[in-house]
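Asks: This is the structure, below, for whatever I ask next.
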Amino acid sequence: MVRRRMPRPSELAPLLRPAPLTLDRTAAKLARATSIGDLRVLARKRAPRAVFDYTDGAAEDEVSLRRAREVWASVEFAPTVLRDVSRVDTGRTILGHRSALPFALAPTGFTRMMHTEGERAVAAVAARAGIPYALSTMGSTTIEGVAEAGRGGRHWFQLYLWRDRSVAHELVSRAGAAGFDTLVLTVDTPVGGNRRRDTRNGLSIPPALSLRTFLDGARHPRWWFDLVTTDPLTFESLAAGGGTPFEVINRVFDPALTLDDVAWLRENWSGTLVIKGVQSVTDARRVVDAGADAVLLSNHGGRQLDRAPVPIELVEPVVQELGDDAEVLVDTGIMHGGDVVAAVALGARAALVGRAYLYGLMAGGEAGVQRAVEILRAEVERTMQLLGVTRVDDLRPEHARLRSPIGSATHSNGRRAAGASGR
Ligand SMILES: Cc1cc2nc3c(=O)[nH]c(=O)nc-3n(C[C@H](O)[C@H](O)[C@H](O)COP(=O)(O)O)c2cc1C
């Protein structure tokens, strides 16, 4: 039998702790977001449908992206216990410079379309967080604008290369002059991927007013207000013209590139050179032999070739092939700081995240990017503590393995998972 009594007012007082009142509804919502998935839900409400889909979507049936996310989810960590993890160092040297976290913010084109604060917001957050940010050739902010907004931070420049070298030459010189220390040459884009959501939504770059977008404006007035009351949304590094993303991309990409172009860039750039979009051991070796300092294993977040290799599954064999010849970076599908920890444990020098920060940007501009990075940072730190590891440099393959995703009996990693089961 439970005996009941009347509570005293002094006992009730500590239970009644109202949440601090904040008039900034966006700040309140961002503060309540506890995962990148939560930010994605907010982003979906804040951004017009076509903009959200452009960011969230991938090519064809979106299998590349789905598989990548499944494989991250299939990671099995192996914790060690009774280690003092009261202090954790999440720092990592990436391409010769110390980063406060083992990840960088990936290049994403036309970032001001997601939110008018765009690349400047991303650069500012990255600088404060002490992590690198790569500006895209298809960016909607100038190289110099990013250098200014992210003063004190580390910047990389993502390059698309054309047979006509003059534009690339000028961009590379400007990036160098603005203090960018690394070039990231993207090579998985001989032509544009078929992003069906964009076609379905009738997305054009820059967004145009049609009956559909006009009606959408009623549901996302803030976004449209920002669009028409701030600097016009344009590509700032190249004259790409307008049209559907597919048309723009095919005007920008050059299907005739070869390994000679990597060698040309190597001769014309004295900084660090990363090749982005490498998807096989053979190509990793080829680009490193042509002068690359690092390879970024990536399938462009699933936005180019569908049913492409899952980048994290390539890390182990590529690291084995390259040894100390080059650093290995990885991206595609990362939604959790634990994914970043797994990437490093499996041999990557660092990871890159794209959509994770763009969801934050769409959800709340700079404050949203800040929240995204904070969520990832906390997840990295907590995962390390729960693994019993105090330094990123101490993460080893013993700490994480890839399991075959449920329901994919033929998954290539099944063999590896079986092989690793004895540890
Ligand atoms: C909206 C969007 C735009 C992108 N634009 C570029 C780009 O201009 N250049 C590039 O090399 N990669 C671009 N990417 C690919 C990213 O750099 C990165 O490889 C990818 O986002 C990683 O996957 P994740 O988004 O799942 O993290 C873009 C990705 C997204 C989502």
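A Cβ is built for glycine as well, from the same backbone N, Cα and C atoms used for every other residue.
When I checked TrEMBL for this same protein, it listed these features:
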type: ACT_SITE; residues: HIS300; note: active site, proton acceptor
type: BINDING; residues: TYR54, TYR160, ARG195, HIS300, ARG303; note: glyoxylate binding site
type: BINDING; residues: PRO107, THR108, GLY109, SER136, GLN158, THR186, LYS276, SER298, GLY354, ARG355; note: FMN binding site
type: DOMAIN; residues: 28-405; note: domain 'FMN hydroxy acid dehydrogenase'
type: REGION; residues: 401-423; note: region 'Disordered'
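Could you place these features in context, so I can see how deep they sit and what lies close by?
Replies: Following the DSSP three-state reduction, the secondary structure of HIS300 (active site, proton acceptor) is helix.
The Cβ of TYR160 (glyoxylate binding site) has 23 other Cβ atoms within 10 Å, all protein chains considered.
All protein chains considered, the CB of GLN158 (FMN binding site) has 24 other CB atoms within 10 Å.
Looking at the domain 'FMN hydroxy acid dehydrogenase' (28-405) alone, the prediction's average pLDDT is 95.
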Asks: Tell me which of the recorded positions TYR54, ARG195, HIS300, ARG303 ends up closest to GLN158 (FMN binding site) in space, Cα to Cα.
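Replies: If we rank TYR54, ARG195, HIS300, ARG303 by Cα distance to GLN158 (FMN binding site), first place goes to HIS300.
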Asks: So what sits near TYR54 (glyoxylate binding site) in its own chain, CB-to-CB under 8 Å and at least six residues off in sequence?
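Replies: When sequence neighbours closer than 6 are ignored, TYR54 (glyoxylate binding site) has MET113, ARG195, ARG197, ASP198, ASN201, LEU203, PRO245 within Cβ distance under 8 Å.
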Asks: Count the Cβ atoms, other than its own, that fall within 10 Å of the Cβ of ARG303 (glyoxylate binding site), considering every protein chain shown.
Replies: 25
Asks: Among the recorded positions TYR160, HIS300, ARG303, which ones place their C-alpha within 10 angstroms of the C-alpha of GLY354 (FMN binding site)?
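Replies: Of everything listed, what lies within 10 Å of GLY354 (FMN binding site) (Cα to Cα) is HIS300.
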Asks: In whole Å, how far is HIS300 (active site, proton acceptor) from LYS276 (FMN binding site) when you measure between their Cα atoms?
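Replies: Here the two Cα atoms are 8 Å apart.
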Asks: With the Cβ atom as the reference point and anything under 6 Å counting, tell me which of the recorded positions (GLN158, ARG195, HIS300, GLY354) are near ligand 1.
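Replies: GLN158, HIS300, GLY354, by Cβ distance under 6 Å.
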Asks: Please report how many Å separate the Cα atom of GLY109 (FMN binding site) from that of ARG303 (glyoxylate binding site), as a whole number.
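Replies: That separation, Cα to Cα, works out to 12 Å.
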